[in-house]
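Report on one structure; see the data block that follows.
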Amino acid sequence: MAGAEAAAGSVEAVFREEHGRLLASLVHRFGDLDLAEEVASEAIEAALVRWPVDGVPSRPGAWLLTTARRRAVDRLRRDRGLATRLAVLQAEAERADPAPPADADPDLPDDRLALFFTCAHPALPAQDRGALTLRFLAGLTTAEVARAFLVPHATMAQRLVRAKRKIRDARIPFRVPGADELPGRLPTVLQAVYSIFTEGYAASSGPDLQRTELAEEAIRLARILRRLLPAEREVAGLLGLMLLVHARRVARTGPDGAVVLLDDQDRARWDHAMIDEGRALVLVALTGPAPGPYGVQAAIAALHDEAADVASTDWPQVVALYDVLLTMVPSPVVALNRAAAVAMRDGPDAGLALLDGLADDPRLRGYHLYPATRADLLRRLGRHDEAAAAYRSALALVGTEPERAHLLRRLASVTDDGPDRGCTLPR
Amino acid sequence: MKYMLLFMSPATDGEAGNGCTFEDWIRYDREMKDAGIWVSGHPLQDLTTCTTVQVGPDGERTITDGPFAETREVLGGYDIIDVPNLDVALDWAARSPGATGGASVQVRPVAEVKVEV
């Protein structure tokens, strides 16, 4: 049993690239996520048996789709109730969307965009949208999705089942929103992909600071979205942002797994090809009227990536971009980041004054980076007792081990009466 | 697919109005009927006319004035519409006079119960 499960897992891995596309085509055709999932898996398993014998077909995707469709039709013949339900679904889908757009390749249409909008539908719980996107568009198994979001397998399985049931029973449609709806609907799709990235970039808890494979899944999904929505500049902004941050992944962790902050990173180890790609996307995202929040965040990331070191970073420009971002996303976390940038431009006193203005914001309560940022500024001002208290507050809230270790080192540097050892972190 | 739109208003002393007028509701009602999606629906009288009935394990009836205490939201009326999917239902809910001014609309799919013949 365990062997069969492992084999099925490797099949999933081999065909991950095809899986989302295949699944989306089947959902479009049959309107039923469960049926699509089952026959997609069957087709992939059939391919693994047949292809080593018959050779890989010239159009593997079309082969998989044809095989899966046949299986679905077989299943519908056997199950009359299901067939009746699907016939009704199909008729109503046509009523809702009478003129489907013409496909460039009618044999192998790309229906993934509709599936993105279903998985990130605002009628689904926000916490499940990233999970559904990973499961159905990135093709991860339920176990892998559970690991990605650090929840037990059974919990994730239950969440996915519940979300699928809502999609089916409330009839959340598989459709790309019209041009008038798109501005309202795209943000949840981008947020779902970004939530996968941030979970990979800064795991909320656990032994590792970052999980690069998860960040790479998010980048892969954003690349698919970029191909499917080439005119949407926020998609370019999101992809650019993730590339510009992910480009620092190697330098972000020390040899012992310790966190290395931006100030201390060896910038020669950044992925410069990835930075170039990200910078080109920033241009796309910011060219034209009314850029969006992902484009602006990508521009901030680009300013960091372009600078030779912290001192030569264009801090006035970083602050100006945070000002713009704050008008789009009036979030205290953005205000916190802006305060840190102001501290770099005008000195720690100025940053500290801004942070004190955020002290009573309930949305920052429980967020370890608020006291941690405050502690760093107090330390730079030589106010060591206050800095130590703030580091202790941050330690009470921090989730990952490497960040905890970093805060402990900083705490030691302000309590040992010795020189500031914060700058002797592993580089 | 049939959906019930439940028009909820915050429970307040006196009138639970959200600023929309009788004419707004008449117009909305006509729009639904013109679109051919309206199945049924009614406005409800206010909570002062409400009576609650419960039947205990022994079959005894308890009849009380009004709804249960701590009612935060009051159901002011409902419509049942027949539309292809949730997006269309949500769109009709958003267009209703009952979605603004602090009021809200709950959108619930109607369960299709199959009766074996």
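Glycine too: its Cβ is placed from the backbone N, Cα and C atoms.
TrEMBL lists A:17-80 with the feature domain 'RNA polymerase sigma-70 region 2'. The feature domain 'RNA polymerase sigma factor 70 region 4 type 2' is assigned by TrEMBL to A:119-167. Residues or ranges marked as domain 'DUF6596' by TrEMBL: A:185-282.
Helix, strand and coil content of the domain 'RNA polymerase sigma factor 70 region 4 type 2' (A:119-167), in residues and according to DSSP, is 34 helix, 0 strand, 15 coil. Restricting the average to the domain 'RNA polymerase sigma-70 region 2' (A:17-80) gives a pLDDT of 88. In terms of DSSP secondary structure, the domain 'DUF6596' (A:185-282) contains 69 helix, 3 strand, 26 coil. Here the domain 'RNA polymerase sigma-70 region 2' (A:17-80) has, by DSSP, the following mix of helix, strand and coil residues: 56 helix, 0 strand, 8 coil.
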